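Trainee: Copying in the features that Swiss-Prot gives for the protein in this structure:
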| type | residues | note |
| --- | --- | --- |
| DOMAIN | 5-195 | domain 'Glutamine amidotransferase type-1' |
| ACT_SITE | CYS82 | active site, nucleophile |
| ACT_SITE | HIS169 | active site |
| ACT_SITE | GLU171 | active site |
| DOMAIN | 196-385 | domain 'GMPS ATP-PPase' |
| BINDING | SER223, GLY224, GLY225, VAL226, ASP227, SER228, SER229 | ATP binding site |
Amino acid sequence: MNKELVLVVDFGGQYNQLIARRVRENRVYCEIVPYTTSIEDIKEKAPKGIIFTGGPNSVYGENAPRVRKELFDLGIPVLGICYGDQLMAHSLEGEVTSPEKREYGKTDVNLDNSSLLFKDMKEKDQCWMSHTDYISKVPKGFKIIATTDECPCAAMENAEKKLYGVQFHPEVEHTLFGKKMLKNFLFNVCNLKGDWSMSSFAEQQIKAIKEKVGDKKVICALSGGVDSSVAAVIVHKAIGKQLTCIFVDHGLLRKDEGDQVEKIFKDQFEMNLIRVNAQDRFLGKLKGVSDPERKRKIIGEEFIRVFEEEAKKLGDISFLVQGTIYPDIVESGTNTSATIKSHHNVGGLPEDMEFKLIEPLRELFKDEVRAVGEELGIPHKLVWRQPFPGPGLAIRVLGEVTEEKLAITREADAIFREEIAKAGLEEKIWQYFACLPNIQSVGVMGDERTYCHTIALRAVTSSDAMTSDWARIPYEVLDKVSRRIVNEVKEVNRIVYDVTSKPPATIEWE
């Protein structure tokens, strides 16, 4: 695919994905690559611009990430951020100093708005600093274009070579001019057009899938979640009836969810859809099991068995569709972060399944996946469907999973979601759900003492689920939810609201 490309070179900073998202907000395609990417690979990718991220290291550290000096002679504009700024200076024979005092938080910065980087900006504004080391002497050919009280070189440039460095973090909201500055780099320095869009992305993917698949058969494990749904629709638009979707209904879905998935994909999109009703099978395997990790493992393994059985019935299948998205690739593919997790999509399908993969969304962030879904005509409600764990309600019913507990959780959750929607909050809260702690408490209903279940409500705000804060839902909404659940759901006499952020808590209770 011919598209303008910006490379975000990863030095282990916490904001790497945010930098990439900021670039893409300007309709410019970018990829995150490790700092170990060779000069040859960079030349082959032919980027129009390069951004160095921040990172936790000092340029003087024994194992500090480095890049080859030749990178700065390729004629490609480079923007270094924080560690990336210091690394540029260090690599080009400037000087980096380690002071006793660090600079952290909101800081006033003086900007030289004659620089292309700060064009049309105020001379003084607010930025976000998070550093110890700083540049005490810029390399030959560079000049200082920003300062703070504590940092003599808050930004530098070699305009002739289109090399720029900033000590602050333009990608975060606290740098008030940050988005504008990145825009200046992309369009004033790199001279990009900004013509990458979700509609062009979908068209290109459909064309590529047609060419890749030919007349072969394809299967997709459809969960009804946003990622697998959008992936399935893209592939279906490319190859039509050559695609068969397998929807394993394990009986652990939310209220009416299985029927909704079947209706949308079978009726609206006219897909070949096999719905496997495996509720009894999954509940049988979960009987007597209360440990959350065992529950997850049992559900994952059983899902694989059911999927394999159905795939074999279809005969000669060449390709498997997965809803892998870009954060999955980044999290499993870079080697600079402190913690790396392996990526297992669709319940951890076995590696010995002899299918070639089709991953149409592997270049997109979640918000971009939603945008493609809207472009493809997937119902708005499904595109904005709440994140839902693979094991489903099994990990929202704490302790042993039974049909009775699932029914209670399902009804309470449906009421909570309904009232959030009525209040116009469904797209303002990242995730919200009801769960059933393994707790019963004393209550009074009428003139009788009761001893019934407690329902916990959980709602969080977040941008990426890595961290989250509890949602400040208006009291009147919580009051209505509480009254409705207690009155409409049997065996419930108490409602609690979880006011814990992540960390220390996780979003899910199990």
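One is the number of the first residue shown, and numbering goes on along the chain from there.
The backbone N, Cα and C atoms fix where each Cβ goes, and this holds for glycine too.
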Trainee: Excluding SER223, GLY224, GLY225, VAL226, ASP227, SER228, SER229, please set out which residues of the same chain place their CB within 8 Å of the center of the CB atoms of the ATP site, keeping sequence order.
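Mentor: For the ATP site, the extra neighbours are LEU222, VAL230, ALA231, GLY323, ARG385.
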Trainee: Of the active-site residues listed here (CYS82, HIS169, GLU171), which is spatially closest to SER223 (ATP binding site) when Cα positions are compared?
Mentor: GLU171
Trainee: If you count the other Cβ atoms within 10 Å of each Cβ, which of the recorded positions GLU171, ASP227 comes out on top?
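Mentor: Comparing the recorded positions GLU171, ASP227, the most crowded Cβ belongs to GLU171.
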Trainee: Quick one: among the binding-site residues SER223, SER228, SER229, which has the most Cβ atoms sitting within 10 Å of its own Cβ?
Mentor: SER229
Trainee: Which whole-number value in Å describes the distance between the Cα atoms of SER229 (ATP binding site) and GLU171 (active site)?
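Mentor: Cα-Cα distance, SER229 (ATP binding site) to GLU171 (active site): 31 Å.
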Trainee: C-alpha of the residue listed as 'active site, nucleophile' to C-alpha of GLY224 (ATP binding site): distance in Å?
Mentor: 41
Trainee: Taking the Cβ of GLY224 (ATP binding site) as the reference point, list residues of the same chain whose Cβ is under 8 angstroms away and which are at least six residues distant in sequence.
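Mentor: Set apart from GLY224 (ATP binding site) by at least 6 residues yet with Cβ under 8 Å, we have PHE247, LEU253, GLU257, GLY258, GLN260, VAL261, LEU382, ARG385.
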Trainee: Name, in the order they occur in the sequence, the residues of the same chain whose CB lies under 8 A from the CB of VAL226 (ATP binding site) and which sit 6 or more residues away.
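Mentor: Sequence-distant Cβ neighbours: GLY323, LYS366, VAL369, ARG370, GLY373, LEU382, VAL383, TRP384, ARG385.
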